[in-house]
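> Below: one structure in structure tokens.
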Amino acid sequence: MSGINESKSSLKDDSPVQERKGFHVLIAKWEESPERNKFHEVWERHGLSIILVCLTVLLLIYSIVAIAVSGFDKAKWLFGITMFLWFCMSYMFIRDHCGDEIYRVVLQPIVNAVNSQWRYLKWILLIIVLVLLGLFFGLDTAKQPVRFISLAGLFVNVLFCWIFSAHRRKVKWRPVIWGLGLQFVFGLLILRTTIGFQAFKGLGDQVSAFLEYTSAGASFVFGQNYTDHFFAFKVLPIIIFFSSVISLCYYVGIMQLVIKKIAWLMQITMKTSAVESLNAAGNIFIGQTEAPLMIRPFLEHVTMSELHAIMTGGFATIAGSVLAAYIEFGVSASHLLSASVMSAPAALAISKLMYPETEIPETLNEGGIELPKGNERNVIEAAAKGASTAISLVANIAANLIAFLAFLAFFNGVLSWLGSMVGHPELSFEFICSYVLRPVAFIMGVRWEDCDVVAELLGTKTFLNEFVAYASLSKYIENRELANGLRTISIRSEIITTYALCGFANFSSIGIQIGGMGPMAPSRKADMATVAIRALVAGTIACFMTACVAGVLYDESLYDAVIDVATSVNATASP
């Protein structure tokens, strides 16, 4: 009996070993089988796509359930994001599997037919565009003559740039016309269509709500009363948070994709080189020293016109991180977002007018420049790196504001002292700017009674920086919203000023750009210094051009109606 029991127990002890051996045999057979190699091949090629499809399907199911439970108004953003993801995935699938065939069978014959008749078609299209513009200005703009002043401002700025162009006879008008055209189209969609306005207003509201989550980190670090020191503990932490978000977008690859598509649009329409188009597109999202990093290998070999365009793009736009701070000041998020987009083609247009191309750029016919992803190992490292990078930016902003505002107070004290000797103690930097720059404000379409205030803000932005100017603008916005009896400006003037201030074009930025780009291309430092002032003027005028386009398209009656519609929609959608 004991022998039988021992044999049974040995069988029991051996059975797990045999099972493990059998499992290993199956694994070995699977690894050697051709099916495993096929599966591995398919997963290597399509694994990410399969995961994305599964996640998008789950998101679609969830959004349908959310609509059924909560209604469409409450779940519209979720549904919109889902549809956008489905559109992107469908586009990529068609492009990867049928793109070449569609181009060969459908698009190539159309392109060939258009090219063969282009010398006639371009004149027909030009006449159609001019007729449509004439009808628009004659039937729409004529209702509010003040908008014709903004239209005149466009022509005055273009004429000024042409007169002071480095090579007037070399000016190519295609980038200028297309740059203004893209500005006009963007402005038309945002300011004159209900759908466009609601989309940008909704996006702006979502961005503002998203940035409010900074309060969780700020209150934990600085305490519940952190808003007592509003700028230091409320505004500056937003820059850190948004910088971290941008770093995440770079790690995932979203930022590179968006920048490349915008650059492609500007390159094929304006016929600018790949380097300057990519830099202009990058300036929409990142700063004047970060955007050139994308084209660093080419900086040593760019032409003078390209170098001028690169610097102009930095002056004419702002970085996404500081844009978040301006939103916190109370400036309209939708107009700041649209100004950032509209100023990019304007920067290229004005740059090519003030410093036309006289050489052949190396990347003129490039299909595109590859943008590498970050070298971070995971999303946590990417977020941490973005936050750490913002430390120097935040410190630089705080230090500059302390120095500039202190110097401004001293300068105003000296001016007041000098003015008091002749009976004008009110003499100040702002007072001088309100007179000197008043014609500039007026030609952009600002109401005359507001021109003194807007001229002060333009002077502050140009000689100090846009941060101080937006902080001052926010006070007038607050006065209007609170109706406290203090000085205000009209909504029209406020919108035009928002667009005009949306750029890094000030004298301190010259040092920042040369200091940032110089180490990337040491042999071009002298060239950078040569074109710096001209690029600063071009960047300033590009911002003014964007403001003029906003002034031409802004219609008070339609704008108020659109606001009412958007407000009612948002009220319905809110829980």
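Keep in mind that glycine also has a Cβ here, set from the backbone N, Cα and C atoms.
Reproduced below are the annotations present in TrEMBL:
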TRANSMEM  48-69  transmembrane segment
TRANSMEM  75-94  transmembrane segment
TRANSMEM  120-139  transmembrane segment
TRANSMEM  145-164  transmembrane segment
DOMAIN    152-224  domain 'Concentrative nucleoside transporter N-terminal'
TRANSMEM  176-195  transmembrane segment
DOMAIN    232-330  domain 'Nucleoside transporter/FeoB GTPase Gate'
TRANSMEM  235-259  transmembrane segment
TRANSMEM  307-327  transmembrane segment
DOMAIN    335-551  domain 'Concentrative nucleoside transporter C-terminal'
TRANSMEM  393-418  transmembrane segment
TRANSMEM  496-519  transmembrane segment
TRANSMEM  531-554  transmembrane segment
> What residues elsewhere in the chain lie close to the transmembrane segment (393-418), defined as a C-beta under 8 angstroms and at least 6 residues from its ends?
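Distant Cβ neighbours of the transmembrane segment (393-418) are 231-232, 236, 239-240, 243, 287, 321-322, 425-432, 464-465, 467-468, 508.
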> Top stretch among 235-259, 496-519, 531-554 for CB pairs under 8 A with the transmembrane segment (176-195)?
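The stretch with the most close Cβ contacts to the transmembrane segment (176-195) is 531-554.
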> Excluding the flanking five residues on each side, which residues at least 6 beyond the ends of the transmembrane segment (48-69) place their CB within less than 8 Å of a CB in that stretch?
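Sequence-distant neighbours of the transmembrane segment (48-69): 75, 78-79, 81-82, 85-86, 89.
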> To what whole number does the mean pLDDT across the domain 'Nucleoside transporter/FeoB GTPase Gate' (232-330) round?
85
> Please check if the transmembrane segment (307-327) comes into contact with the transmembrane segment (145-164), where contact means 3 or more CB pairs closer than 8 Å and the residues in each pair are separated by 6 or more positions.
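In this chain the transmembrane segment (307-327) does not contact the transmembrane segment (145-164) - fewer than 3 Cβ pairs sit under 8 Å.
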> Using a Cβ-Cβ cut-off of under 8 Å, list the residues of the same chain that are 6+ residues beyond the ends of the transmembrane segment (235-259) and lie near it.
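Result: 211, 213-214, 217-218, 221, 278, 281-282, 284-286, 294, 320-325, 328-329, 371, 373-374, 376, 379, 382-387, 389-391, 393-394, 397-398.
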> With pairs restricted to those 6 or more apart in sequence, evaluate whether the transmembrane segment (145-164) and the transmembrane segment (531-554) have 3+ C-beta pairs under 8 Å.
yes
> Residue list, the transmembrane segment (531-554) vs rest of chain: Cβ under 8 Å, 6 or more residues beyond ends.
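Same-chain contacts beyond the ends: 141, 146-147, 149-151, 153-154, 157, 160-161, 164, 166, 180, 183-184, 187-188, 191-192, 304, 307-308, 311-316, 335, 339, 342-343, 346-347, 349-351, 354-355, 440, 443-446, 462, 492, 495-497, 499-507, 509-510, 513-514.
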